[in-house]
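What TrEMBL says about this protein:
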type	residues	note
TRANSMEM	23-49	transmembrane segment
DOMAIN	39-287	domain 'G-protein coupled receptors family 1 profile'
TRANSMEM	56-76	transmembrane segment
TRANSMEM	96-118	transmembrane segment
TRANSMEM	139-161	transmembrane segment
TRANSMEM	193-214	transmembrane segment
TRANSMEM	235-255	transmembrane segment
TRANSMEM	267-289	transmembrane segment
Amino acid sequence: MDENFNVTYITFGGYVEVEKYKYAYFVVIFITYILIICSNSTIICLICIHQNLHEPMYIFIAALLVNSVLYSTVVYPKLLIDVLSEKQVISYSACLFQYFVFYVLVSSEFLLLAAMAYDRYVSICKPLQYPTIMRKTTVTVLLVLPWLIPVCELTLAVILIDNERFCEFTLPFIFCNNSIHRLYCVKSQALTIYGYVLFTNLTLCPVVFILFTYSRIFIITYRSSTEVRKKAAQTCLPHLLVLINFFLLMTYNVVIVRLEADIPKTVFLIMALQLVLYHPLFNPIIYGLKMTEIYRHLKNLLCPPKLN
């Protein structure tokens, strides 16, 4: 690439033998993306259609699944274009945009899970006050803030990144994520400090809040009847499974960015693909199978009862 091209574009260096395996890459990525869209959209539509699912818990689940669709859409269309292209490149501004939206949605996931944990806490531990606390206004605020807060905080991060000088223009990954920091000429102390602030606000605090909330739920339900314990397990377990899966996935994201120079490129590519393969499919499977009401409607949709 010529000098002017390097100034404007960033090359994705995480692919392995794209020309040789481009159709295999395309088929796998395309099928996975279609499965993600269909599975998440099915659960979202069921929640929208059925009146008995118009409760805060199911509304939050629908928001989480919308987030999964957006999370995939930030990455998959560009992957599909790249594997069929002669050169896997992205403009600098588009890379910043992808970085920004990707981490907004990652942060939104943690904050939505925190909102869901609060909803479950009020429902199980303060059932008589639930209609008063979880009013339509409260639910709306808890739906808007998980997207609004990350947008505001990550906008400053992108501004700080945009002010940095880049000396490298080959990104050792397949989409724009934290590995973009490897391209700086000099590591920015201000950006590093602000990164820790973002991690604390958008990841650590929601996770601590969720764990504290569920620990309170389990302590209270342990002292209650078997029926209350069963209700708590049925509604809380899927949320905890999603939280654990997503937290491990984001930890994995940090680890593979750190280890990139120490592992074979093929292994690194396979590891990188895990970030966009599992989680968007994991959510609809967990909520479709583990939430009783959703499972009932899903079963009726896929296997309609026979009319005598």
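Glycine is no exception: its Cβ is also placed from the backbone N, Cα and C atoms.
Note that TrEMBL annotation is computational and uncurated.
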So, does the transmembrane segment (267-289) come close enough to the transmembrane segment (139-161) to give 3+ Cβ pairs below 8 Å, pairs being at least 6 apart in sequence?
no
Are there residues at least 6 beyond the ends of the transmembrane segment (235-255) whose Cβ is under 8 Å from a Cβ of it, and what are they?
57, 64, 106, 109-110, 113, 116-117, 120, 123-124, 177-178, 203, 207, 210, 214, 217-218, 271, 274-275, 278-279, 282-283, 286-287, 290-291
